[in-house]
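Here is the structure we will look at.
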Amino acid sequence: MKKIQCFVMVYIVYCFILYVESSLGCTEPQPVLHAYRYTDDTSLPEGALVNYTCYQNHYWISGDLKRECQGGVLTGESPVCDEYAVLTPAHAILPEPSSLGGMDNYLTDGDVLTCESTTPSTDPRWTIEFDGAKYVFSVELTVEWQSNVDINKIEVHVRNTTQNPTTLCGTINFPFTSSGNVDFMCPPNLIGSHLVIQGFGTGVYGLGLCDVKAKGKDWYYECGDPSFVYGAEVSSKKTVGGNMIVQYSCVEGFYYGGKNPESTCRNGQWSVVDILCLRSAATISNAEPITNFEISPGGTNLIKLTDEDQIVNVQYATGTGSTLTATLNSDPIPSSDITHSETSKTGAVTIKTSHPVFTSYGIYDLTLELLNNEGKKHLNLYIFHEAKVAGLPPPGRKHFCNINETYVIEFDLVSGSNVLSEWMFEQYSILQIYSGDINRLWKNYSCDAILKDNVTVVAANNASAEYTWFLLTVQYPVNHIVASVDSPVAETSSNLKFDIQTQSEALTPMGTLQAQIFYHTGENETKSFTPGESTEFFKSFTTQGQFKANLSIWSESSSDNLEVDFAIWDKLEDLTLEPKKPYAEVGKVVTFEFINPPPSGFEYKIIYGNSKQASNTEDDLYLPFSQAPLNTTYSEPITYYISMRSFNPEYEKNYTTSIIIQNAVGNLTLTPSSLVIPYDNSTVEFTLSMEHEMPPPTSVSCVFTYGDGNDENVTLDLTWTSPFSHLYTYSNIGNYSVNVFCSNQISNITLFSSIGVRYYTIDDVNLFHQNPFPTNFTEGRDVEFSLRIKDLDVTPPNTQLTWNFGDDSTPLVQTFNEWILVHHFPKRDIFMGMLEINMSNETKTITFTQQIGTVTISSDILIVLAGNPVLFTTQIINTGSVEPLSYQIDFGDGTVPVSSQNFSHSFADGGYYIATAKVFNSTFSEFNTVEDVLVVENPLTSLLSVSAQNVAFPPGNFRLSLGLPPGSKPITFVTCEYNFGDTVDNVLHYHTDNISLSHPITFLHTYTKLGPYTILYNCSNVLTSTSGKLSTSVINECFSIIGIFDPQYSYQDNPMRIYTSQLMQISSRLTIYCGEHQPRFVWTLKNITDGNMTNVSLDQPQTDFIRFPKNSIPKGKYILSLNVSFVLKPESWLNEITFLEFRDPPIRAEIVGGFQRTTGMKDITIDAVPLSYDPLKEQGQPDDLSYSWTCKKVNTTTVLELLSKYKNESFSIPCNSVSYQLAAGTLLFKASSEERPIGYIFTLEVNKPGRTAGEFIQTVQVLYEAPDINIL
């Protein structure tokens, strides 16, 4: 097939379209290949404009892109558009190239794509040279993934060393697409001779590519493309004297008719081309002088082939012995399908649809060859093999669309191929091509205006054409329709009104509206109404409940659903609950009943006050009311309050009533049974109490007869846990008999007591205590002090006691309420005490002596080395004994006690010793010890360390053993301080133990990381100390000793810090020696928040490194751990942790043009929007960034002067005095207002809520008409 296919197809289609269009004005122009056509009036009246635009990936060659109808003819020529070709580079240059394995920059190995990378460097790039200067439209890269893990950005530049410096085509940031394909659309008019592909990252890395393709066209320097010449094409070019010269030649179907075939690029313009290319006669190519070989009358060079075979008839005028042959796209047509008559000089070729060349619909070349005695001739024809367009719907259908929506207009076809359709709307017309075998036509229509439009659709190809029309209505969707009910809550049999209304803010037209309501009973109703009106539904219900009415509102293009809630419930305001009798006995049945219940069911909950209750279920809400018996019993003689809560989902009634329950009087006790009291504290508290757990009597009254001629009636209220108390005061000294009579309606009891009232003075107070009070060792003693006044049972009033026990305790001041006081003396000693009594303005003092213990023993020193003497001294306090005392001292070291009061003793071995003294005679014996323990130490001068040179991991247990040199004596309470050199467990460890030749000090420390370690220790007792160090290594035969993670990040306060916007790969430093045992890797990540750790889900990479993609981990602190183990050797493993901190990156701020710019005295744009972004998002995505500017000015005339002065010699100015804001983040700098060179500084701050702001400075030097220079 040939490229002329579409052009011829379109031409035939528009033969039909011209037939149906009006004949006024200009005729419809031919469609243009690879171009869109737009017209302001499809009827093309006088003055109508026709505009063309080349397809994406195509460019304009010649002709006119805008034509006007003048005098019935369109001005200018039809434009010509061609597709950008894939540009072929000359060669690729890498900084340190490896073998590319293919030709040029298309890295192929046979039919398999081959990926290559540059040698790792800090500045990896590919430089690819074109064969001459090219206009570059787009660049497509296929990126090799594995070698680009350290690359976070790739830039593609176009460089032209003869005309302009490197210009950026596009940038792509990590992560790249999953397929590895990256497309760059270059800025318009980008010309160059080289592609430069630059990688950016951190450290040393390579830039890996698999495929590089650039699309564009040849560039003929400053003159643009050579002029279009009808029937000719540029066949060659050359450079003469610095000028480009192109050579034209005639294309197939045309022959050279003379004049100059060259055009020269000079001063930006091509010279006039004079070449004349004339069309060859029709479609016949002359080989020999046969005449009149042509299509028979009535035929055509363009043959339509649909579902039936076609016959092509030809004739010729001269020659004999003729043979006729034919080919389809160079495939011969069988001779059986060709007939020829020598007599009539005619022939016929049958074109069968079954010919194997017809694999798809389209245009095919048919070549007929005639050979006879006069020579041979060729006749070139075209076969249009298409399926007829058939099946458009009948005219007059209606389509509806909601405003501001995209509506798909779609028609099914019975058949059709390579169809060109024109959609003729009221204001414009749109062409659309459907390639291949199709069964439907469709068009996406943007419903952006309220309208009614008769739309005509024409569908045609080279075989047939059809048209139809339909009415398109664009209207508002159903909106602002509301529903309500007049009574959201009603009683049974109420008639409810459901109202549907259009709100005043509703947008119309909405079309014809329908409303359908569905009730919970299964019934429904439907009504029609017009937007702006309302409609009503009426319904009554007999069942209680909470219900919902569902409404559906719809038009021709949309619908909406509404709900209305309502309820049917009876009121409960008159309902009460009462017992049948107002009182009852304990244990008897009590019956309750409802008063004034409603006719409908309701829920109730009754609390009887005795921990019992009654209730019904929700099912009773939907039944008629029925009285149920309500009974209970009470076990306590009290007044019970009964509460009832009756309710349904809408109404509630709370009601309370009561009932009295009583007990009989039982056995009571009266206290005191007898009591002697002082005359001035003669009030007696009489108490009535019950037997344990006896039911308390109710409604009891008691008569007290006090024996002094007075009595009193009181009401009794008591329980066995709360006795009843009653006070009475006697006025005279004497003895009295008391009786109490208590009763209620069913029982009574009489109780008795005797009371004595006495006179006394302060001299009647006496003190009693035991003295001396013996004790052993240093024990303290509790001593009882007792006061007595005659036979009183009650202490006198208004009496204060002040105790001073002489033992440094705080003096005790108390009111005389108790006869006995117990005081604790803390140690053995003699204490001189005093008691002061203040009674009714009289004072009496009693002094007393209290002796606790008699014997003490002491040493002259507390700590001593073994072998040095210690003096012990024993003392005795007067015991009151007249018999001589004996002394004995036991030193506590196993030696024989000595009978002496004072003695000097040496201890042979270290230890802790307590000496004991015994003082005794026949009537007295007491023991005592020294107050402080005597510490006797053996000297600690050196220790022997024993430990393993290598410690196996797991488990990593290192046992440190420190022993005494041979011949050393045991040493007690030795404290050792250890530093194991562990980066994970880096605290000092302490251990205290006794040490001997058979019992060294040992300490177990567990290492969790492999590696060499140095252990430091220092051991001491009170008087001597020693220190040392040793080394060990924690190893595992399957792993290198270096471990997994960098130890500097083993601490939570020094984590590895990572930006959330970056791809981060964390790799193990570990070398594995046991790969044959199938190592496996398990990674875990835990978030640390306020001391709490939570697991973070990870996709296990099954490798010794893990990647965290951009924005995959929220900011915060984490613990990362890696566990390495073996499938075939489970006893060998290693686990390490490291601390990470993910941080959100600061906002990226940058101004187009970079840090330094120069400009002439003309306005320029200061634009921060294209380059400022949130690294958490892709550049160019919408974002809520805010921009603020500050401006400064400095008197400078050169760029170097500006760079040296802008920090210290600039001064602030209002930004609006030298610029104004075009948009958020974009300023127009009014440099045109300057009259001399001057420097400016624009400072940008880009903010986003909750993020660190980004800042960028751009300096601009205004010069006398200087070219714009941007320094990045």
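Cβ from N, Cα, C; glycine included.
Residues or ranges marked as signal peptide in TrEMBL: 1-25.
Helix, strand and coil residue tallies for the domain 'Sushi' (24-83), in that order: 0 helix, 27 strand, 33 coil [DSSP]. As annotated by TrEMBL, domain 'Sushi' applies to 24-83 (among others).
Residues near CYS26 (disulfide bond) in space but far in sequence (CB under 8 A, at least 6 apart, same chain), listed by position: LEU44, GLU46, ALA48, CYS69, GLY72, VAL73, LEU74. The disulfide bond annotation in TrEMBL covers CYS26-CYS69 (among others).
Here CYS81 (disulfide bond) comes close to VAL32, LEU33, HIS34, ALA35, TYR52, CYS54, TYR55, HIS58, TYR59, TRP60, ILE61: these same-chain residues lie at least six apart in sequence, with C-beta atoms under 8 angstroms from its C-beta. Look at TrEMBL and you will find CYS54-CYS81 (among others) tagged as disulfide bond.
The domain 'Sushi' annotation in TrEMBL covers 221-279 (among others). A mean pLDDT of 70 is what the model gives for the domain 'Sushi' (221-279).
Look at TrEMBL and you will find CYS250-CYS277 (among others) tagged as disulfide bond. Around the Cβ of CYS250 (disulfide bond), 21 further Cβ atoms fall within 10 Å across all displayed protein chains. Secondary structure from DSSP puts CYS250 (disulfide bond) in a beta strand.
According to TrEMBL, the feature domain 'PKD' maps to 879-935.
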DSSP residue counts for the domain 'PKD' (879-935), split into helix, strand and coil: 0 helix, 26 strand, 31 coil
Other C-beta atoms that fall within 10 angstroms of the C-beta of CYS277 (disulfide bond): 22
Packing count at CYS69 (disulfide bond) (other Cβ atoms within 10 Å of its Cβ): 22
